[in-house]
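Scroll down for the structure; my scribbles are underneath it.
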Amino acid sequence: MPNVSSITEFLLLAVSDTRELQLLHFALFLGIYLAALLGNGLILSAVACHHRLHTPMYFFLLNLAFLDLGCISTTLPKAMANALWDTRAISYQGCAAQVFFFLFFISAEYYNLTIMAYDRYVAICKPLHYGSLVGSRACAQMAAAAWGSGFLNAVLHTANTFSLPLCHGNAVDQFFCEIPHILKLSCSDSYLREVWAVLFSIFLAFVCFVFIVLSYVQIFRAVLRMPSSQGRHKAFSTCLPHLAVVSLMISTSIFAYLKPPSISSPSLDLVVTLLYTVVPPVANPLIYSLRNQELRDSIRTLLEYTHRQQIHL
């Protein structure tokens with residue numbers, strides 16, 4: 001019976017069997033990846049270069065852009081390379097690295113979104129205490145906690161998953177290495193330890209979800225009590241993008257992992273996985289820039305400055 005020590009590579013899901021469709025998928029993935037790089041890169045540059053954006057809200061948005069870039073860079077480049085070179089193989093070490101970094105970035109992003117809900121709650125419901133509760137030191141500590149928690153979560157699941165003996169081949173039914181599909185390859189009596197670790201992570205994610213919901217209940221109650229329509233509009237303009245990003249991430253993830261087995265198929269699993277791994281990093285910059293006039297102005301100023309520099313060169 002083969003085990004993990006005898007496996008040197010995994011075979012990822014082929015997006016297509018025909019060469020023309022493989023090249024089409026490569027072009028599609030490349031366009032999506034470049035859009036994510038451009039959108040998140042603009043946010044990173046705008047926040048870093050404009051002093052008026054050096055506030056806690058934009059600091060956490062900066063972290064979100066970093067995490068989005070890390071998340072999509074973990075999955076798409078390998079999928080593009082496989083489509084371009086007509087291969088399915090990924091090394092054992094590469095698969096382990098992909099699992100680790102994807103879990104690291106996606107977990108840290110979810111914790112960062114939870115912190116962003118807290119930031120909006122304090123800003124709107126406790127504005128007089130905002131400077132003391134969300135100061136520069138507190139921001140650094142909360143960001144470090146999000147990144148550190150994501151790292152520990154990734155170490156836990158990666159170590160558990162890749163210590164399991166694999167008895168059912170090396171074909172992963174996904175376009176990147178994902179824990180549920182690797183567990184399908186493990187021996188039936190050896191994966192319970194990782195299942196308990198997954199349940200613990202789901203519990204933590206649920207606690208974060210409840211915290212976000214309660215925060216927004218308080219936020220909307222406070223906003224609706226504001227006498228000024230301008231104040232309500234400003235509050236909604238800073239909260240709705242974050243709420244849209246959280247909803248997109250949670251809804252696609254829940255559908256990916258909790259959809260009924262009766263409707264499961266390799267093609268549907270591929271589409272759903274693309275929704276929660278690829279769409280959020282591309283959509284998040286658009287969501288934030290559409291509702292945030294201050295961010296749009298900073299990005300426009302940055303683009304105009306870059307254009308003038310190119311003309312002078």
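Think of each number as a place in line: the chain as shown, counted from 1.
Quick reminder: no glycine exception, Cβ is built from N, Cα and C everywhere.
Database features, via TrEMBL:
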- 39-288: domain 'G-protein coupled receptors family 1 profile' (DOMAIN)
- 23-45: transmembrane segment (TRANSMEM)
- 57-76: transmembrane segment (TRANSMEM)
- 96-118: transmembrane segment (TRANSMEM)
- 138-156: transmembrane segment (TRANSMEM)
- 195-217: transmembrane segment (TRANSMEM)
- 238-258: transmembrane segment (TRANSMEM)
- 270-290: transmembrane segment (TRANSMEM)
Can you tell me which parts of the same chain pack against the transmembrane segment (57-76), counting only residues 6+ beyond its ends and a CB-CB cutoff under 8 A? 29, 32-33, 36-37, 40-41, 43-44, 47-48, 98, 101-102, 104-106, 108-109, 112-113, 115-116, 119-120, 123, 139, 143, 146-147, 175-176, 238, 245, 277-278, 280-282, 284-285, 288, 295
Best-contacting stretch, by C-beta pairs under 8 Å, relative to the transmembrane segment (23-45) and drawn from 96-118, 238-258, 270-290: 270-290
Mean pLDDT over the domain 'G-protein coupled receptors family 1 profile' (39-288): what is the value? 87
